[in-house]
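Working notes, structure below.
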Amino acid sequence: MRTIAILAAILLVALQAQAESLQERADEATTQKQSGEDNQDLAISFAGNGLSALRTSGSQARATCYCRIGHCTILESLSGVCEISGRLYRLCCR
């Protein structure tokens, strides 16, 4: 009886590990599928005085920001988080 209980416990642990692996793969697939949607991101532009060095020269800096599902592109930096319809996105600005 003990042997059956031990074998059942081992089987449950193996099934749980496999289920977690499948969930990670599903999450990765979802992330990859959504990364194609980055081109449809919401664009936000801010016009105003930029760095203090620019303020002294009288010019204005302009930032364009996107609410991205995936990571920011090479030219962008993570500037915060934005929320659209209760869902959180990365705020990436250049």
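Quick reminder: no glycine exception, Cβ is built from N, Cα and C everywhere.
Feature list (source: Swiss-Prot):
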DISULFID  CYS65-CYS93  disulfide bond
DISULFID  CYS67-CYS82  disulfide bond
DISULFID  CYS72-CYS92  disulfide bond
SIGNAL    1-19  signal peptide
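A map of Swiss-Prot features onto the structure.
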residue	record	DSSP class
CYS65	disulfide bond	strand
CYS72	disulfide bond	coil
CYS82	disulfide bond	strand
CYS92	disulfide bond	strand
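Spacing of CYS67 (disulfide bond) relative to CYS93 (disulfide bond) is 9 Å (Cα to Cα, whole number). Sparsest Cβ environment among the disulfide-bonded residues CYS65, CYS93 (other Cβ atoms counted within 10 Å): CYS93.
By a simple count of nearby Cβ atoms, those within 10 Å, the most crowded of the disulfide-bonded residues CYS67, CYS72, CYS82, CYS92 is CYS92.
For the pair CYS93 (disulfide bond) and CYS72 (disulfide bond), the Cα-Cα distance reads 8 Å.
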